[in-house]
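According to TrEMBL, the features are:
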- 1-22: signal peptide (SIGNAL)
- 912-1005: domain 'WSC' (DOMAIN)
- 1011-1057: region 'Disordered' (REGION)
- 1015-1057: compositional bias 'Low complexity' (COMPBIAS)
- 1058-1152: domain 'WSC' (DOMAIN)
- 1182-1275: domain 'WSC' (DOMAIN)
- 1276-1300: region 'Disordered' (REGION)
- 1277-1300: compositional bias 'Low complexity' (COMPBIAS)
- 1303-1395: domain 'WSC' (DOMAIN)
- 1402-1414: compositional bias 'Low complexity' (COMPBIAS)
- 1402-1421: region 'Disordered' (REGION)
- 1425-1517: domain 'WSC' (DOMAIN)
- 1544-1637: domain 'WSC' (DOMAIN)
- 1645-1664: region 'Disordered' (REGION)
- 1647-1664: compositional bias 'Low complexity' (COMPBIAS)
- 1677-1769: domain 'WSC' (DOMAIN)
- 1816-1825: compositional bias 'Polar residues' (COMPBIAS)
- 1816-1846: region 'Disordered' (REGION)
- 1849-1941: domain 'WSC' (DOMAIN)
Amino acid sequence: MAFKKFLTSVGFLLLAARNVLSLDPTDSITMSGNNARSGHQSTHNMDPNVLKSGTFDQIWRVRGLGRYNGLQEEFYAQPLVFTPEGEKQSVYVVSQQNWVYRLDAVTGEILASRQLMIPFLTVPDLEGCNDIAGSVGSTATGVIDPKRNAWYLTTKTYVDQNNNRPQGLGAGRYFIHAIDVITLEEKPNFPVPLEGLAADNAPWRVFEGGKHHQRPALMQINDYIYAGFASHCVQWNFTGWIMGWHAGDGRIVAKYAMEGGREANGKGGGVWMSGGGLASDNPGRMFFSTGNGYASQLADDPVPGRQPPTALEEAVVNMAIASDGSLTPTDFFMPWEKRDLDGMDKDLGTSGFILMEPDVFRTSSVQRIGCVAGKTGKLYFLNVDNLGGYQMGLNRKDDVLQTVQMAAPVFASAGTYPFEGGYVYVTPVGSETVAFKFGVTADGKPIFTEAGKTLHKSAGRQGVGHTAVTTLNGEPGTGILWISDVDGNNLRAYGTVPENGILPTLLLLNNPGQTKFSRPTFGNGRVYLTTQTGYITAFGSPVNMPLNCSSPYDLGNSQLNTSVTTKITCRAVTAVRLDSVDIDAPTHFDVSGLPTFPLTLALNDAVTFNATFNPKNVGPLSTNINIRSTNLGTGKFASNTPIVVRGTGVSLAPVLSIQPNVISFGEVVTGDEAQTQVFSFRNGGQTPMVIQSYQWSIVGTSGPYITPGASVPFTLTDLPAVGSSVPAGGQAVISVKFNPTQDGYFQLYLVVQTNGGKGNVGFFGTAGQPPRAIIEWQLTNGTWIEYQPGVPFEFDGGVLRASQRTQKMRVRNIGGTLLTTTISKPPVSGPVAAVNALGSIAEGSQIAAGKSEEALIVCAPPKGQVNMDPLQLTAVWTFNNNDPLFGKQEVNFRCQGLSPQVGPLDSNGQGYFRYHGCFKDADPERQLEQQLSYSKENTNQKCMNDCSARFPQFPWIGTEYEGECWCGSKSAKRKVDDTMCNYLCTGDYLQYCGGDGAYMSLFYDRRKVNPNNGTSSSSSTTRPSTTVLPTSSIGTGTGDATTTTTSSTSASPTSSGEYEYLGCANEGLNGQRALTKDFTASSQMTTKLCNDYCTSKGYTLSGTEYSSECFCGDALENGSTVGGSTNCNMPCSGAPNEMCGGPGALSVWRRKAGVSSSVSVSLTPTGTTSASATATPTGSSDYESLGCYSEGTSGRALTKDFSAGSGMTRATCQSYCTSKGYVLSGVEYSSECYCGNALENGSVKATETDCNMPCAGALNEICGGPSRLNVFRRKTTSTSVTTTPTTSTTATSSASGTGASSGYEYVGCANEGTSGRALSKGFLESADMTRSKCQTYCSSLGFELSGVEYSQQCFCGNVLENGATLGSSKCTMPCGGAPNETCGGPSALDVFRKKASSTTATSTTTTGATTSATVSPSDTGSTSGYDYLGCASEGTTGRALTKAFLEAADMTRTKCQSYCSSLGYELSGVEYSQQCFCGNALENGAVLGSNRCTMACAGAPNETCGGPSALDVFWKKASASGTASHTTSTTATATPTPTTSPNGWTYLGCANEGTNGRALTKAFLEATDMTRTKCQDYCTTQGYELAGVEYSIQCFCGNALENGATIGGSTNCNMPCGGNGQQVCGGPSALSVFRKTASSVQGGITTGTSTMSTMPTTTSATTSSASMSSAVPVIAGWAYQGCANEPTGGRALVLQYANDTMTNKMCTDFCGSKGYALAGTEYARECWCGNTLRTGSTVGGSTNCKMACKGRASEVCGGSGALSLWRREEVAVNMVMRGSASGSASSAASSAASSAASLASSSAADEARLFTSSPLPVTSSSAVKSPSIRLPTFTTSSPPPSSPTPSNIYTSLPCLPLPAFNLTTLTNTTHMTPHLCRTFCTTLNYPLSGTHNSSACLCGTTLPPETPTNSTLSARCNSPCAGDESEICGGEKAVSVLRWEEGYTPSAVIEKVEVEVGRGVERCGRMRR
């Protein structure tokens, strides 16, 4: 009753009394269940009998979803439990990656989740503080307000939410959130930023999110929420904070800093409490404890508690809470030795301050008691109403109720049990949990005496959790003590009342990865914990008791040795067999009258027997009677039913007991402050107990006895005199003080004789000198060296890169007492780190005198290049301990990462060639003059030696592409990150030889050149200065030094004479500007122009943004800070060598003092300018360069025409496009030319250096690059280039309904561009901006698009530019002139389009004189017999149209329609420009509504033919003689809703498909006219009770949902039935499920008739992963590579074959028969062949290979846009196969030719490699290399065309014996002809080609010295060509040889071959570009 009275009196403790009644009593909505934080909770149905039954264990364990940056998710905040009105009970957790979760409390199912913000990264931004690894997000436990249904929490993040890299300490931010408990979305007015808030009590203190850490649990008091803040590892100049805010509107009401003074060293006072919560016992005050601080305002002057200092360090603080939520400190306690604690990092505030139940823990003089403990191990009991101040006690010590010295430091908050007299529990590090019994001294003072301990010790490092206690509905005797811990059994449960000094163990469970400092959270009979490994775990009992025994049984009071008996009746709640009965502790209890066992009971049967209580001791006694049983029913029941029996032993005679009877002081420092403990003589009898005698001994309780003297350092106070008495039921409390004056071990025994018996107590303690710590480091020879401050520990001898070594560090205690580690922050990650960071010399660990503890440190230098200088690696381990002379030490470790030295070496073993870095080659020209070789034995050493021997005059060497060696006279000019040079050398896998994309590992000979003499910069855009030193052996015969110096320009800002650069600042928060006073913009913006403008307006700050904007002011406002952004990366529009801010970022300048503001500034209006070309010459003077542009994301950038040739130049392309009538020309990949009038398909401006490939016909010009075009515009037109937006979205937002004039339509919310403004043509800013005002302004300028942004800005244009796209969610700011409208937001625009003036639906883009109409799909390209249905996505489990396929280079819509019609199909679909698919229904989950049909038809550029994984779909209209109907998944005008089905079936709901297989597995039917009734009738005939319809046309049957499927598990049941558009038939991976009722009538099946499909239906290609027992078969001669993605805008492989019985072997056989090296299966039934993967396709690039093969369900045949890829193992093509630029090589011959040609060209380094990790090298040749040509490709199995050998190019030589040449370049090619071999060798610049043995081709430069001319050899050339049997291709040992005619150059031959090949292919109609 006392406890219930307590809850009534302080009901606000459950947050707010007004909300308590609405709570489920089993909810936990704040840490510990209430604001007192005492840990006791009584309403969670936690029954100790259930724990004892053996059925309580883990019931679920769920992993979170966070994988930010690949880091492991961690949970530190403890779960909360809440039951929203009308909802199920849920568990709420938040992680360190800022993910929030709502889980089903019973099942663990994740009901909702989302990431609030990105987390803060600890490495490197916390500078070695590793308390929390990886990331910091939300650490503190939040609080739930049931009135508002809001969950409050805090998150740590960065200022830039779009940057996933470390942003620096200064960019750290904290936000407070209010989260809806159902949706997890933010409540209105939240989140709220805390950055920059000034303290109420110290305005000079400003909150900085990066430095601070919010650790304590949040607390709600009425309408206010409060949170405490500390630091990370006591670093930086921080202060503790208490922040408070209004729960409804987010208004900040309190910002109190613990360091409120102005002391220079005033930092600290962190509020962290190991995660414990802020506490309160009434709405007017709160309590908390603080940590170390260094202001130390209070020295030796006592200060009363009611006069708190301004620096609240090492204190317990009481703050008054005003009605407006503001805070004022009113009382405090600070330990007397506060300054000593600071020096040793012995925080007082490591544990929370708990408030004990006042109706139990009180005396007449002390109404309320609280307690706190810290790193000193001292446990303080305080008077809550008078905390004690500073040094206000006797002898200027502490004025507290009681101090108890624990065995070790304490981090965990104490817990209470407010029954059976009252107990408090405390757990020190590495020690047992100690129970203290509450009592009252004779003079009415509270006293706590040790009553017992647990049998188990806590972890030997910090982390044991805050104590929790539960009772069953507040009943005495039902207490459970709960302890969580990081080691051992992670969840331990004990009884709350000690038995013979021991707390009985109830339960030991494991929760691997248990989070430190956790207090278990309780729900309805369940316990919830979290882990540092990303899991949430629930424990509970899934079973019930088989017997109802009405436990517990209280037998009342009984005199000692007097029996009391009661009858126990148990009634069976299920059929059960009783096997036996036993008693846990039979000392005081017994049973009788038991039945004969076994005994079988039916339901409701009863059994009775007797229980007897015969006490042998006085006091409360209890035990369990256990009935063991066997379950005979069908439910889950326990096998043991415990029955609690209890009673109280009483005695008329006095009874002595001594608690505790062992007093241990542990180790103390001789001469230090005396330590005091207490014990008591208790009289358990009902008459007074008389003290009769005392006896003392220093040996043992049996003597010999002595009279204690001064040599015994124990002093007892308040020991009752002999002859005095202890009243009945009372106690005498005695204090014992241990105050040794000399070192040694001491013991004393006291034996007391009373008339109530004899007892004894022992006192023990050790005294010694203070601990002394030394840190030592072990060298590799075994020697230990001592640490000297400031001198790092070195890994002697260094450690080789790519290896690792460990060395030992140890801490030794050479003092006389225990050494306790108070601070230990080891390096946990990086190349130098502690091996066992958490377990080595951990915080709280103790080292005995003369002992040591070791830690292993590992050095693992990263792999690097040879001949690098040593890499200096460092790490720091921060230590402190209780050695008073030690102080905080930062122990540094240093390790040299050594690089292997190769090549010529000096006398010290160092290489003369030094590594200079990774550099870009082909930039645009080759950086080193001479390619020496390509070798499969290539290494950097070989290249150094070879270059030195062949070209001794060259000081520079470079390795590239694994096997290439280059030599040169000067350095490469553009240095890149070393990670770009990541290719392993072909001759040594431990070395790097360059990288992909023309990246070179560059070395210099330090004997000849010193690159550091000049100004060399890795970021310079010009060649760095280089000094070439004289050499003794230069081939020219001269040793004179030459010096070449090139000055470099820098875009980095520098201070001018009048202005100084401050840095890059973020724009203001919440959409506000950083500089608000003035604004201008100009297309010629420069830094000086902006500075002068702001000076002329009288402002000191100027900031440039978005290249062309200028803002002015005198201060940064609205949360903007210098350094707050890293996005200042956009060149000034008027000075490209300067930076003018970026998106949401300003380059900020400040006018120096004394500079005049009288400056005249003239600004030109904002407009557009054309970028000039960066390379010369620029081609035709009639064209101007627009710069470098990317290819489109969904098709070509220029789509109207195309040309290619080996003589390509810019002028050639410009002339070609002019002749075709186009305005724009673009050159790409050295030799390709594209034409058009507008840049389309998402093409955007690219970095100029991306266009880096020399023109094929003019090596001094640049012609684009890989997927990059140099774009030129014909000067005869005056308009600017237009970029067509990639997205065309119709907005459904209400935004379109208001604010738009009648001539405008709302398009949507667009993000700003990534490289410039989204709309760049016009600008207006007005404080009264409205949508209409902006539309009128843009219309007056002649622009079609208008966009409003930042409330008052207006932008105009015709297209979205610079990468801007629709789909932003940031358009939330009201218009300046119309608050009821939105006008965009931060970096987001509400975009409107001017409606067309005509009635047509044609969208026109004007680009000068040419108008290009984008044709609506329904307008053209369809025959009169077809209707356009729309753009459909490809199926998710197979092709959308599966019945037929055609591919043609001249594909049109009409061509496809005719083809499908000829085969009898109703639907035709065009895709990827040139593919055609046919069918009668959209299958495999394909749906209309895609927006990716953007690619022009190959044969009709004015039409679209689908796009990537998207089809333009057409339906054949019904003929006059009949009707036809067609239903697609999107024809319904509204979403159909499920309705109750007829025929006795009941709709159950929408179920998800199973996670490991189908939801319904017993029967399957697919029909295009599927209805619910059809499926139900089918399942009836199959004898099943459940029917499920899915994907419109599929039906599944079964009797139960399997494989994890659940009703309500999906919301995707939204697809209309194929046979009834008004019904819903499931959806993607979702089933509409029906159950057959018992009264349904069998039979009566109605068979639906298909109204569309005339072809046989096929089953789905999907097979669950569980059923694919051998998804990767073994195929002889082929090796499986993995799952490869299809590239954007093309195919990975080029030749297709499809079959409805497809298997992987069928595909490999087919591709092998066609001579291909690669085979790939896709979409379950397709087979693709080729020799290289197209650029953009990579092995491992997709995870969608999940479709079962049509011909073998146990295998996987690719998936949607994904290929299961195989490589032929026997292929031995002796060349490096690099993917061609077009990615379209199809036959082995053409692929190899294209690859070899690419290898020969200067652009080869930019092309993609074949995926195989071990390509075979091509043998080098001295032949002159020429530009690559593009060869035709073939899409069928027919061989390429053969044509006669042109007599004016080649000469046929006699048949020659092998070996005719030494190069075999192509083998086993089924298409081989002399023409194909000749073409192949020509592209490699070999004059000789020869065919051999039908299918082989050889190339070379010269014939053998003695070439026989015997005509008899010609008979040996008798093998028909594999590709054309009418021609001869050598013989078994003979070669048919062709040679160029003399006088022909390679380029001339190539040109001839190209023309000839083109003509031949055109005759076959199979040429593809």
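Cβ atoms here come from the backbone N, Cα and C positions, even for glycine.
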Self-check item: Candidates 912-1005, 1058-1152, 1182-1275, 1425-1517, 1544-1637; stretch with most C-beta pairs under 8 Å toward the domain 'WSC' (1677-1769)
Solution: 1425-1517
Quiz item: When each of 1058-1152, 1182-1275, 1544-1637 is checked against the domain 'WSC' (1303-1395) for Cβ pairs under 8 Å, which one has the most?
Solution: 1058-1152
Exercise. Would you kindly check 1058-1152, 1182-1275, 1425-1517 and say which stretch has the most C-beta pairs under 8 angstroms to the domain 'WSC' (912-1005)?
Key: 1182-1275
Practice problem: Check the domain 'WSC' (1849-1941) for me and report the mean pLDDT. | Solution: 74
Quiz item: What are the helix, strand and coil residue counts for the domain 'WSC' (1058-1152) according to DSSP?
Solution: 13 helix, 38 strand, 44 coil
Exercise. Mind tallying the domain 'WSC' (1425-1517) by DSSP state, helix then strand then coil?
Key: 10 helix, 38 strand, 45 coil
Quiz item: When DSSP states are grouped into helix, strand and coil, how many residues of the domain 'WSC' (1544-1637) land in each?
Solution: 11 helix, 38 strand, 45 coil
